[in-house]
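Lifted from TrEMBL, the feature list:
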type	residues	note
REGION	B:441-461	region 'Disordered'
TRANSMEM	B:24-41	transmembrane segment
TRANSMEM	B:53-71	transmembrane segment
TRANSMEM	B:83-100	transmembrane segment
TRANSMEM	B:115-132	transmembrane segment
TRANSMEM	B:141-162	transmembrane segment
TRANSMEM	B:182-197	transmembrane segment
TRANSMEM	B:218-236	transmembrane segment
TRANSMEM	B:242-258	transmembrane segment
TRANSMEM	B:263-281	transmembrane segment
TRANSMEM	B:340-364	transmembrane segment
TRANSMEM	B:385-409	transmembrane segment
TRANSMEM	B:415-434	transmembrane segment
Amino acid sequence: MNKPLRRVAIFCGLLVLALLVRVNWVQFVEGDQLKNDPHNRRVAIERYSTPRGNIIVGGKAVTGSTTTDSGDFKYKRTYKNGKMWAPVTGYASQAFDANQLEKLNDGILTGTDDRLFFSRTVDMFTGGKQKGGDVVTTLNAKAQKAAFEGLGKQKGAVAAINPETGAILALASTPSYDPSSFAGMSNKDAEAYNALQKKNDPDEPMLNRALRQTYPPGSTFKVVTASAALENGLYHDVNSKTDSPLPYTLPDTSGLPLKNEGNIPCKDASLREALRWSCNTVFGKISADLGNKKMKAEAEKFGFNDPGINTPVRASESIYPEDNRPQNAMAGIGQASNRATPLQMAMVASAVADGGKLMKPYMVDQLVAQNLNVVQQHTPQQMSRPLSPENAQKVQSIMETVVKDGTGTAAQIPGVTVGGKTGTAQHGENNKDNPYAWFISYAKTGKGTPVAVAVVIEGSDTLRDDIAGGKLAAPIAKRVMEAVLEGQK
Amino acid sequence: MSSSTTNTTTIGNIGAPSRRNTELAMLVFAVLIPVFAYINVGLAKEGTVPAGVLGYSLGLGLLAGVAHLVVRKWAPYADPLMLPIATLLNGLGLIFIWRLDQEHSLGPAMAPNQLMWSTLGVALFLAILIFLKDHRVLQRYTYISMVVALVLLVAPVFFPGVNGAKIWITIPGLGSLQPGEFAKIIIAIFFAGYLMVKRDALALASRRFMGLYLPRGRDLGPILVIWALSLMILVFETDLGTSLLFFGLFVVMLYVATERTSWIVFGLLLSAGGAVAVATFESHVQTRVHNWLNPLELLNGGVTETAQAMYSFGSGGILGSGLGQGYSRLIQGIAPKSDYILATVGEEVGLAGLMAILLLYGLLIERGIRTALAARDPFGKLLSIGLSGAFALQVFVVAGGVTGLIPLTGMTMPFLAQGGSSVIANWALVAILLRISDTARRPAPAPAPSTDAEMTQVVRP
């Protein structure tokens with residue numbers, strides 16, 4: 001009987017071994033994943049077990065924590081002027097997890113990040129309570145306020161960047177939401193949260209339009225097309241005539257004309273005049289002459305087709321499409337399948353303004369431990385160089401003409417050199433929906449180039465002819481630039 | 001059989017040490033570890049050493065001490081590992097239940113009752129050691145055992161089910177009893193007695209077919225009856241664990257008794273067939289399988305008990321959150337203190353602690369099988385392999401179910417989990433194993449002087 005007994009002994013050993021392997025799998029291999037699963041309530045319990053660290057703008061916290069008595073959670077997140085800052089902070093809710101900076105820097109804000117290990121250990125010995133660290137942003141409170149109030153009741157977004165560093169100065173999106181309204185876990189919080197969802201509110205207040213929504217960039221994209229023409233040597237002088245017939249028919253089509261808005265002097269117009277009047281025919285032809293490959297390459301140098309633009313909140317990918325000749329010509333004037341986020345267009349203005357260098361956009365300057373030790377400091381990085389310094393000068397000069405005596409006069413600031421470009425992007429089948437009004441610009445002073453900005457306004461009730469970016473979007477851009485410049489003095 | 005009587009090389013050489021002092025030394029640790037764990041929980045939860053620590057350590061120490069003295073007196077050659085392991089597991093179980101009692105959302109305190117049941121379990125353990133002088137006495141009750149086991153297994157059908165499984169006998173005013181836990185021991189006694197008598201018929205009267213020995217039709221009878229019975233338990237009591245346990249137990253004992261691999265093949269075929277057949281129409285089983293395949297699935301937007309257990313394990317990580325510092329109270333379901341107690345263990349003492357506890361179970365099982373190897377009589381061999389096998393299957397089914405290795409079944413972790421019937425029955429199981437091992441390891445009496453021997457010596461020059 002002993003032989004089968006020994007076999008049974010081995011079998012029982014294997015059963016125990018299987019259990020050991022399984023617990024190793026669950027607790028070690030899958031452990032971290034299970035530990036951080038958003039449905040694992042421990043994540044939220046931990047997050048709200050201590051006063052959460054703050055998100056700082058200009059030395060002041062835009063967030064806070066308050067004690068609650070809601071079961072498992074000791075603290076609740078609060079927001080100061082939540083609607084204005086929501087596109088920056090995101091939300092942290094006891095019931096609905098967190099997003100954006102609140103989520104990405106959760107370890108620092110909660111105080112569990114490994115980089116806080118030292119100060120946590122010190123706290124343990126000195127009897128101090130664990131407290132989260134702070135996230136110091138690059139945002140400019142005045143610029144943000146100007147952007148948010150400028151947008152007002154309109155649907156749209158603003159992104160402003162410091163061209164020299166890539167620091168994001170303003171990031172506004174309207175309509176917005178107050179993350180305080182559902183920070184807790186009561187029924188009221190749930191109602192507030194549900195009311196903000198897309199299915200209940202078609203305006204999508206929780207969509208971060210500045211980073212996560214792509215629009216056809218319209219005529220503002222002509223800045224990229226002009227850059228492509230100069231960089232690829234198609235034209236060398238922005239003041240000499242281009243080879244641009246009027247009327248112009250799209251290539252490979254049986255006489256489908258590309259029209260201009262109104263009766264503007266576009267025949268053989270120089271790049272300066274073409275940008276000033278926003279000539280579709282001139283830039284459509286440039287795009288066609290350069291071809292899809294070169295256009296795409298230049299757009300990509302400006303940041304298009306990059307799915308990994310992390311600010312650290314990830315921006316949606318802006319698209320310059322791979323397409324046939326007529327579609328490519330349309331894409332050259334910011335139509336067809338061409339799509340860009342407001343941040344992307346601010347990056348375009350920024351690269352031109354900074355002498356052709358594109359800096360990596362970022363909005364977290366420092367992560368600071370509770371004892372004020374800096375655990376992470378951002379150093380500005382160059383992303384690419386879409387323009388040579390000489391060509392950047394040329395593009396700057398024609399953009400400045402647009403503001404000086406072109407479509408963008410509404411953005412003029414006395415005593416400051418402003419360069420910009422308006423845009424009115426068609427939208428909807430057969431252009432039946434209200435178009436998007438765009439404006440991108442930068443401001444230069446003797447001391448440097450402190451701000452580049454992009455504004456987009458989704459079709460409002462204003463009359464179609466009246467919606468041109470110059471009238472709706474440019475004034476907002478102006479207010480934002482002024483706010484930044486004021487802080488410079 | 002001759003092989004087993006002469007095979008005394010593994011354990012039980014004549015003059016083998018009794019190892020009682022080893023047992024005593026290990027018992028000290030088995031008492032101290034839970035006491036430290038108790039203090040640890042108190043410090044973590046309230047910041048103070050719990051008031052009951054003195055009473056608890058004295059109580060546990062007393063139980064262990066008395067058990068040790070009784071073993072020393074009445075079973076001096078018994079295996080030295082089983083009593084310390086059982087004490088340690090029971091002590092830790094009490095701490096974990098007490099720890100979960102501190103979470104008021106989990107209902108009334110269970111630890112005091114569990115302590116009482118543990119005391120009763122130890123009392124039964126002592127009674128068995130004192131009054132059961134020789135395990136072979138049990139052989140006389142082979143068929144009575146069968147009847148009792150059948151009654152115990154069938155009885156829950158007539159009582160209301162609890163949480164989807166009919167495994168309880170409820171006696172109004174007295175509480176409820178889980179007869180399956182006791183049936184496990186009694187049915188092992190029946191199988192051992194029955195197989196000892198029939199094993200030659202089962203093993204030898206068979207035809208060879210494709211390398212397998214096919215048993216005769218009439219010898220297949222018993223296995224089919226047990227099979228049908230376990231399927232009926234599954235269907236009428238919706239108790240996956242118990243039916244698996246009994247069928248597995250029978251197949252293991254049959255294999256050991258007959259040394260025929262064909263029985264294992266038949267057993268596997270029958271259990272697989274039965275399981276598939278039942279699963280096709282029993283929604284209860286289907287739900288369990290579904291939950292097993294999709295442990296993290298949301299139910300009506302809420303996190304399921306299965307998922308909570310997985311989160312518990314995952315959050316514990318390698319070293320655990322520390323006793324009293326986990327959040328296993330989130331396992332709000334029906335059985336955080338019994339079926340799911342392993343999740344609390346995993347979260348609070350981590351992978352390291354959980355593996356240690358699983359190894360303790362493994363050690364206890366292998367000591368039981370070693371007892372079977374060392375036993376000199378076939379009944380003792382069969383009984384001890386039956387008991388250890390049942391214990392092993394139960395540990396595997398419960399721990400495998402909670403950790404998501406196999407579909408979850410409603411059974412309790414021996415010694416660790418809350419449940420009176422379970423702890424009493426398992427102490428009885430250990431007592432019987434100790435009795436068999438004492439008999440097995442006891443030095444053979446010196447041979448009586450034989451007159452024949454003297455005569456031959458006279459002849460030899």
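We number each residue from 1, going along the chain as drawn.
Cβ coordinates are placed from backbone N, Cα and C, and glycine is handled just like the others.
Bear in mind that the values here come from a model prediction, so they are computed numbers and not experimental data.
Where the transmembrane segment (B:83-100) meets the stretches B:115-132, B:141-162, B:415-434, the count of C-beta pairs under 8 angstroms peaks at B:415-434. Against the transmembrane segment (B:415-434), stretch B:115-132 has more CB pairs under 8 A than any other of B:24-41, B:115-132, B:340-364.
The transmembrane segment (B:141-162) shares more Cβ pairs under 8 Å with B:182-197 than with any other stretch in the list B:115-132, B:182-197, B:263-281. Of the Cβ pairs linking the transmembrane segment (B:385-409) with the transmembrane segment (B:182-197) and spaced 6 or more residues apart, 3 or more are under 8 Å, so the two regions touch.
In this chain, the transmembrane segment (B:242-258) touches the transmembrane segment (B:182-197); three or more CB pairs sit within less than 8 A of each other, excluding pairs fewer than 6 residues apart.
Same-chain residues lying 6 or more positions outside the transmembrane segment (B:340-364) and placing a CB less than 8 Å from one of its CB atoms are 81-82, 85-86, 88-89, 92-93, 96-97, 99-100, 305, 308-309, 312-313, 315-328, 331, 333, 391, 395, 398-399, 402-403, 413-414, 416-418, 430.
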